[in-house]
Amino acid sequence: MSLSEPDHELVVAELGREPTAAEVALFENLWSEHCAYRSSRPLLSAFESEGDQVVVGPGDDAAVLALPEPDAADTPAAERDADDYGDQYVTFGVESHNHPSFVDPVDGAATGVGGIVRDTMSMGAYPIALLDSLYFGGFDRERSRYLFEGVVEGISHYGNCIGVPTVGGSVAFHDGYEGNPLVNVACVGLTNEDRLVTATAQEPGNTLMLVGNGTGRDGLGGASFASEDLAEDAETEDRPAVQVGDPYAEKRLIECNEALVDEDLVLSARDLGAAGLGGASSELVAKGGLGARLDLDSVHQREPNMNAMEILLAESQERMCYEVAPEDVARVEALAERFDLGCSVIGEVTDGNYVCEFAGAGKGEDDADDSDAESEVVVDVDAEYLADGAPMNDLASESPTQPDRDLPDPEPSLDEAVESVVSAPSTASKRWVYRQYDHEVGVRTAMKPGDDAAIMAIRETASTDAADLAPADQGVGLALSSGANPNWTETDPYEGARAVALENATNLAAKGAVPLAAVDCLNGGNPEKPEVYGGFKGIVDGLADACADLDAPVVGGNVSLYNDSVEGPIPPTPTLALIGTRKGYNAPPAALDADSAGDSELLLIGAGGADGGALGGSEYLAQAGGTDRFPTLPDTETKSLADRVASLAAVARHESTFATHDVSDGGLAVALAELVTDAAGADVTLPDRVAVFEETPGRLVVQTTDPEAVAELAGELPVLRLGEVTTDGALSLSVGDDETAFDADTIRELRGVIDRELA
């Protein structure tokens, strides 16, 4: 990729001269789709991003949110006021590493984790949790399995080594990702009002320092690489654009960053990600309306004879750029040495242009001493123009149409249908994935992977000593969910994206939590194709409308376009990561309770599709064939999505509730199968096949000993008695005139397809 002729003309007009080679490379990367959001930024104003809980919103390395006090944690966000929030903050961010993970799945995924963790650190926060949402081609394809295994290995190795638990996420398999997998990773950090740092440079005369690994040539041009379709030979030709991670250096950098923030040495910070040092340093000073003067020869390097462009644009990992007061430089250097990290004074903040000087006498380990070489100015541009001056694209779009109803004829038997849906790789157990993650490191994980949402314990004491830990009904439980369903958004981008938001919110509600805020990772194909851009617009608008109705401000995110290859574009994929709160962290599991079986009933809270139900976007149709319109979500005129979710959360928190599980991928067939244990089963009656397999979100299966109390809490939401909880460890289904049953061993075998195939 090179700077386009129209962009080149704009740069020449701005500079009043021809740009240098280093300037051309900087503009090429910082004005790329990956950095500048040239095709998506015009659409992003649809998102609401404000609220009393929002301390730092979109535009920084990560969002910062104030946590409610424990007694207000169950209250919906719209009903809280500013006084309900304390001085304890969480950071929340999400990133994609899609193209790199296709070329090199292990390093591509690993460095995606490293990048979002450093985004968290740059806000003065300590990372406490990761979530990964992963999308691959058909599980039956060898290439997809290779990418799947490599990506999970990369995430698990990096996350485990740095001591940050991966506590949740999602995995989907769909033929549309065969030529371009998606790796979306979210990170949550913990900080407070006194430790908050931003990526806004503060004052001319302050020192700019680089701390972390030495700069090499890996990841060169990564931003521009991520802004193009994947070519057929990308796996070999684009390998230099993939970064190489070092999790042990990242762990030392995490602890060093913590020490720097503890001593109040950091005035502003930015991690080195897309476009490397050039991107981080120019964006840092641009946000402050300032400039900088950098000495590129001062950058500590791990390879000899690097030129100015390589030093500026290499995306070598585990590096941070800090603004520091001149009198604190020696202390920063001492702390970097303590943690065995490289450290360089690379320049200063100015009130002029963004200027870089280079003589070719860098700090590479094998370089000869050439300190007498004369420096020349290789970059001299206005920082704000470089960071924010890219013109936006005005692209044509075509709105997608809903498919007609064409159900399979003859339809499979009930036995066959349930077996195929429960054993589908997208709905099957993901135990093979999360068992590779150390999800308990940090002693905060109260609800582990495999449930609807993870819950992290935010205690009122900072101690991790078991004797000091607060009871499970004290403190704030932080609920986390992330994911998207490509079947939904391929069928109907707008309604599918609304469903993605509601489904993630229902995951939180199933554990008794209400939404606090969201971040999104908007993935699409080549936006220059009108039908692709139309689908992308649909997921943006759908997600924006649903999050607004959920009272969940969208406080940050990431856009990844040009996920297109010789196989075609990916389905529009709006990964949503949602964070919620509840008082305490003792939530009902997604597993039936045998001890209360004789005294409890199984209820379904919430309606199916408002149009009587539809199977569009369902796993049932993905397995059996056929098409249908996407289900119409519940009417929000009389009861908002936020009110619906609050009612479901209240049900989950009620003392009579022993188990809860949301209905989503695979419909009730999968939800019920996942609830069954060796000791507890379910005997369920449903009116028809649509009721078994439709995937309308916003519904909760509840095991309760007090159905009347649950119905009262549900308010206007429909309540359907599904049947009884049994002690035989079997799922028995009566659907119209059909009946079928599966014992716990059979269900375990069906759901264990990924473990079995990858053993």
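Using N, Cα and C of the backbone, Cβ positions are placed for all residues, glycine too.
On a predicted model such as this, the values are computed, not experimentally measured, just so you know.
Swiss-Prot lists Ser96, His97, Asn98, His99, Arg118, Glu315, Ser316, Gln317, Ser560 as substrate-binding residues, and of the candidates Gln53, Gln202, Gln243, Gln623 the one it assigns to that same site is Gln243. When Asp74, Asp520, Asp593, Asp595 are compared with the ATP site residues Tyr37, Gly557 in Swiss-Prot, the one appearing in that site is Asp520. What surrounds the ATP site, by Cβ distance within 8 Å of the Cβ centroid and not counting Tyr37, Asp520, Gly557, is the set Ser40, Leu44, Pro58, Val519, Cys521, Leu522, Val554, Gly556, Asn558, Val559 from the same chain. Each residue contributes its Cα atom, and for His97 (active site, proton acceptor) and Glu315 (substrate binding site) these two points are 13 Å apart. Note: the CA-CA distance between Tyr37 (ATP binding site) and Glu315 (substrate binding site) rounds to 19 Å. For the region 'Disordered' (388-422), the DSSP counts in helix, strand and coil order read 10 helix, 1 strand, 24 coil. Considering only the binding-site residues Asp119, Asp271, Asp520, Gly557, Gln317 (substrate binding site) has Asp271 as its nearest partner by CA-CA distance.
Sorting the recorded positions His97, Arg118 by the number of other Cβ atoms within 10 Å puts His97 first. Under the three-state DSSP scheme, Asp271 (Mg(2+) 2 binding site) falls in the strand class.
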